[in-house]
Amino acid sequence: MKRWIAILAVIAIAAVLPLLLSPTGYWIRVLTFTLLFAAMAQVWNIIGGLANQTSLGHAAFFGIGAYTSTILVLKFGISPWIGMFAGGFLGGIAALIIAVPTMRLQGHYFALATLAFGEVMRVIANVWTSLTGGPVGLSVPFVPPSIAAYSFKQLLPHAYIALIALIIVTVIFEAIRRSAMGYRLRAIKENPAAAEVIGIDTTKVKLQTAVISGVLMAMLGTLYAQVAVFFDPDTVFSAASISIRVALIAILGGVGTAIGPILGALFIIPVEELMNDLFSSGAAGLSQLIFGVILIAVILWRPRGFITVFDSLMARFSNKARS
Amino acid sequence: MTILDVRGISRRFGGLQALSDVTFSVPKGQIVGLIGPNGAGKTTFFSTLVGLIRPDSGTIQLDGTSVVGQKPHKVAALGMTKTFQNVALFAESSVLDNVLTAGLLRHDVETARKEALICLDRVGLKSVAHKLAGNLSFPERARVELARALCTGPKVLLLDEVMAALNPVEMQEIMDLIRSLRDDGITLLVVEHHMRAIMTICDRILVLNFGRLLADGTPEQVANDPVVVEAYLGRSMEAHK
């Protein structure tokens, strides 16, 4: 009961927050990207947290989503809402293709294989000029603003769409975690041989997880394309600013928990923006350097993620309430 | 009625012939002991039966269905599973969740939870259901192993040293449990080093030595078989007297 009140309160605050920011300002953009990256990290968390398979190639699915919906608008005038599902479908297929050979790999080997897959997709998008426009990138065409066309004059609706997306993927994450699949994934994570012997089809469960994560990541790619309006292969298929960043957000926040990626994004995206804002006029790379130092400090302080700060605060709070 | 039929199972690891032409069959409802010196191939044999290790040759039929070359989860679904000698629990999960996960083979989450509590009750661990599996003592963990295997609803259950490090009272409880499982229609293969326990509960004993089946008979026959006594039992029987 208490839990539900807390969740509703957080959603209410999140729903009001965009209204308090200047609709044409800089921070509404930061908020939108924070919510979007929280959702992306949550989707990564399905495979990275629940299945314990550290993917460093999620940009592959993200880029597929961004390109699919944008190409469908450009070439056929199909609404990005529909393009989003087409992208999700292709993202799922891509996830299946990469998961079949890499699934047996564990730890670093899986991470490296997925990293390579993301890079391959980036190269393909750069080279396949007739479809993707190559290194020049694509611009989402301007159409008269309407919900059906997924086109808005301001960022505010994008912020709300990102918020809704975050809520949806968090519900999906939590539903999986509590379902039979969640139990099976925990078993596989802790002891794959024992999991098999008690009847878990470890191959099938891992494939399902990879596909769900791939589909959702591709769908979020459409959301990104619609906010960013312009993108090129090096942005949406980026190893550093997509693949590694979503993994970092989830890990820094608390991997395998529903709150972790949200905490991680609330920290990383605004701090990164703030550093750029404060120090970008200084020496080249100074802002990244300071951001890097902050990240290292945070990881040293809380190796298991911000979730541990959150947990101890909750424990203190409930102890006080009892005494 | 034969529930498990093993013919000519062999398996080589590099220069070591771990299993060599092992053949026997087990009628439904028997308690079969599997004994032999360390390194005789007992655990390898169990792993082969459940599909973790693929034999180089031979056939295994479970209730009339061939299981050689099947993955372990398929073998479990067909009704055969094992416990792990060195205990392979999901240490970061609760005892209940460990057992519940096995119940998911045949049930939804809610039914599996009820089944899991029944299985935990049978091994006498209902009171620690909500503890983390990793925080239990070794003998307790071995019993969680047993409960987890039981919760898959097996026809044939392979127990790999579940009585290790138990005190006499606990050992009696597990022996009673094994008999009651047999009464439920489950066929059991039991690897155990404790000779008195195995001689008491087993209907039949197989002796494995250097991967080869040395003897197959009732506890009395095996205990009096000069070949077995020479290879293994003699010293061990002395030690337990």
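Cβ atoms here come from the backbone N, Cα and C positions, even for glycine.
The model shown is predicted, which means the values in this text are computed figures rather than measured ones.
Annotated in TrEMBL:
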- A:5-21: transmembrane segment (TRANSMEM)
- A:27-47: transmembrane segment (TRANSMEM)
- A:59-78: transmembrane segment (TRANSMEM)
- A:84-102: transmembrane segment (TRANSMEM)
- A:109-128: transmembrane segment (TRANSMEM)
- A:159-176: transmembrane segment (TRANSMEM)
- A:210-231: transmembrane segment (TRANSMEM)
- A:243-269: transmembrane segment (TRANSMEM)
- A:281-301: transmembrane segment (TRANSMEM)
Winner by Cβ pairs under 8 Å against the transmembrane segment (A:109-128), considering only A:27-47, A:59-78, A:84-102, A:159-176, A:281-301: A:59-78
For the transmembrane segment (A:59-78), sequence-distant contacts whose Cβ falls under 8 Å of one of its Cβ atoms, 6 or more beyond its ends: 40, 84, 86-88, 90-91, 94-95, 98, 114, 117-118, 120-122, 125, 131-132, 138, 140-141, 143, 213-215, 217-222, 224-226, 231, 233, 236-239, 242-243
The transmembrane segment (A:210-231) vs the transmembrane segment (A:243-269): 3 or more CB pairs under 8 Å: no
Range from A:5-21, A:27-47, A:159-176 with the greatest count of C-beta pairs under 8 A to the transmembrane segment (A:243-269): A:27-47
Other parts of the chain folded back onto the transmembrane segment (A:5-21), taken as Cβ under 8 Å at six or more residues beyond its ends: 27-28, 31, 35, 156, 159-160, 163, 167
